[in-house]
Amino acid sequence: RWPRLMVLLAGARSAGAVALRRAPRGGVLRWATSMGPSAHCKRLVLVRHGEVDLTEFDGRKAFYGGKDVPLSARGRAEAQAAADLLLKEEAIDIMWSSPLSRALYGARCIAEAQGIAGDSITLHDSFREVDRGAWVGKTAEEVGAAEIEAWNRDPNYDMPGGGESLAAVAKRVLAAKDQLLEKSPWGSTTALVSHMWVTRSILAEALGYDTINDTSKLHTIDLPTASISVLEYSRTDGPKVLYTGLKPVAEESVGDSWGS
């Protein structure tokens, strides 16, 4: 990886260090990076897992949340596509992952592509997906639009069956994110492979949303399966979102944003 790092360092001298690229999916323009973070920044690459196998739910788009649902064949292809895209865009130094198998598969794909030992991936239980409680196995139609809207807007919604509210998810996720950043050296790039609501919580905080008292905007952050979002944390400024929801194109796949 050293020759590649030297190229990235040399690129820091050029004025075109940050470029506007076209996302592979749908012609949406987003900011993307062409060099690593400066010595005064920590870069965090957030990757959502690929499409899951819904066979357990008879192929219905049911809520699964923190249940350990495996990836589909398309989801595995999407995870590899994300790893391939990151190999071109980012030099990853450190890998973290949710302990759920659908996220860990993607983390291992990225680690292998980047030359990182698979046994060095840090698993953190607080990066697992939201617990959907009694909603697990039910479709949105079965749960009802009013209940889903109440869950999205009420940060302390009492989820049936012992599930989590969005505020509860944000509290554990953001605490774990702080631990991740504390263990990431300045000038490094860390990748975290996790889930839709985990990634939304981290992005929402960086965008200035109140993730504890007003969760109404979280569901507006579009994160397709296997999508990539990148943030930077500096010594002096607040977090900066470089881009969100960059969808890699897997062979014979366009994917969708359904999940949890």
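Note that the numbers count up from 1, one per residue, in the order the chain is shown.
Just so it is clear, glycine is given a Cβ too, placed from its N, Cα and C backbone atoms.
Pulled from TrEMBL:
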- H49: active site, tele-phosphohistidine intermediate (ACT_SITE)
- E129: active site, proton donor/acceptor (ACT_SITE)
- R102: substrate binding site (BINDING)
- 1-17: signal peptide (SIGNAL)
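Here the Cβ of R102 (substrate binding site) has 28 other Cβ atoms within 10 Å, regardless of which shown protein chain they belong to. For E129 (active site, proton donor/acceptor), the count of additional Cβ atoms within 10 Å of its Cβ stands at 26 [all protein chains shown].
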